[in-house]
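What follows is a short report on a single structure.
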Amino acid sequence: MAPTILMRPTKKDWQRQSQSESEDDDMVGRKELMPLVMSQVGQHFVPLVITMVGLPARGKTILAYKIQQYLNWTNHKAKVFSVSSYRRKHIESYSSHDLFRKENSEAAEIRQLSAQEAQDDATKWLQDGGDVAILDGTHITQARRQTVYDHFAKVMGYKVLFIECVCEDEMLIERNVKEVLQFSKDYRNMSSEKALDDFHHKIEHYMEQYEPMKPKTDGYSYIKFLNAGESLTVCRLNSPMQSEVLAFVSNVKPLSKTFYFSRHGESENNVLGRIGGDADLSVRGRTYAAALARYFNNEERLEGLRVWTSELKRTHQTAQGIKALVEPVPALNELYAGVCEGLSYEEMQSKFPQEFAWRDQDKLQYRYPWGESYIDIMTRLKPVLLELEGDIDNLLIISHQAVLRCLLGYFLNKKHEELPYINVPLHTIIKLTISGYKCKMEVIKLNIECVDTYRKQPKNCSISRSVDDALLTVPAHFENLSLWNHSPIVQL
């Protein structure tokens, strides 16, 4: 059953609509106005500059890149400008914490130059069409923050939001320090003991100069992010984009976590090469479900495990042997193919050749008649992503190819146009280990035979293409469900 979601029509919807409507004068006039109206609605009035504030090892960089990841996913152009990266261009080899002493005037000039370069590049990037620039640095003095505000707000006319990361939890600080030492280029060639001592001295130098923000008197738009999201303080937010950032930051808990993703076991529709529907698992799909249960019923993996499925029965059947809490999540339902639900690619080409060609031309934005697009899935997955960015851990998501492509694409920072072609094979567990803003992926293939449902984009996507060209990359499938009789695979 299709989710009830109101979506803005895509270009293909307008094309289909224009073919079926009468071309009277009134309608022609409306059509001429549509592109103008839609383009005006889609524009952002004023760019936003997010300025991170706080001592080292307070989680600024992690939060900055998390915000960038989420905003890019939601179709905003966001980019982090790291002051430290600019500083390393001037000082290639980091030697010691003396670089951050207040009395070191030469180093202070380099740090000041680096901050200015980050600011200049952020300005140019926003002028070239960016939506949100994120300045990742300490910005620990009121004078430095005022310089940023004066340039972006008063000179450029942009919105400015300060996010101050404060950490009073010593265990959190210790964890953050370990992550900095693990990933920072400054300590790559330094022993762990020396690096730890050096970094603590660096923090002390910054503490001597740190001027905490005073939101009641500073007059800035401001969010205080305390103890990795334990609590927030908010002042003077004054734009929709700032509110969207707040909604995300309110959900973020930048902790290490592990997620598992799996498609349902092979379904009867997979065997027959049919898309969508609510089919049962095949014989081999049920074998995979049993193997998946054995994998996760391991005592170490089972502890604290949660399982999310879609509402479709093939995911429920896949999860039924796992001894953990199983929760159906409607947003995890497969992309609804509208009038093409249950059709094979061959049948779709035969009945709707123009739709099939449009789908190949732009699989990301293509919406099935009375169905959904990948963009629609991304929209309904936003609450799921916010939940995953929270304090949830050890979670198995059993869902569908298009949905898992979108979820994996988010965590792996894939471009939107890459999402429809991420390969998520059947009978495979994908494990993501998230630490800070880094993500490690492992692929665990369970040795149970199944069909391959992956279809590459054909080279010829023209509406006038031949049937052979249209079906060139359609994956092989069986003609019937009698797998035990070794039915021949249809090769196209």
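Just so you know, glycine gets a Cβ as well, placed from its N, Cα and C.
The annotation region 'Disordered' is assigned in TrEMBL to 1-29.
Sequence annotations record features per position, and here TrEMBL assigns domain '6-phosphofructo-2-kinase' to 45-253.
Listed in sequence order, His264, Gly265, Ser267, Asp278, Ala279, Asp280, Leu281, Gly285 are the same-chain residues six or more apart from Arg314 (substrate binding site) with CB atoms under 8 A from its CB. Under the heading substrate binding site, TrEMBL lists Arg263, His264, Gly265, Glu266, Ser267, Glu268, Asn269, Asn270, Arg314.
What TrEMBL records for His264 is active site, tele-phosphohistidine intermediate.
Sequence-distant contacts of Glu334 (active site, proton donor/acceptor), defined as residues of its own chain at least six apart whose C-beta falls under 8 angstroms from its C-beta, comprise Gly276, Ser310, Leu312, Ser399, His400, Gln401, Ala402, Val403. For Glu334, the entry in TrEMBL reads active site, proton donor/acceptor.
The sparsest Cβ neighbourhood within 10 Å, among the listed binding-site residues (Ser267, Asn269), is found at Asn269.
Cβ contacts within 10 Å of Arg263 (substrate binding site), excluding its own Cβ and spanning all protein chains shown: 29. Take the mean position of the Cβ atoms of Arg263, His264, Gly265, Glu266, Ser267, Glu268, Asn269, Asn270, Arg314, the recorded substrate site; other residues of that chain with a Cβ within 8 Å of it are Val271, Ala279, Leu281, Ser282, Gly285, Leu426.
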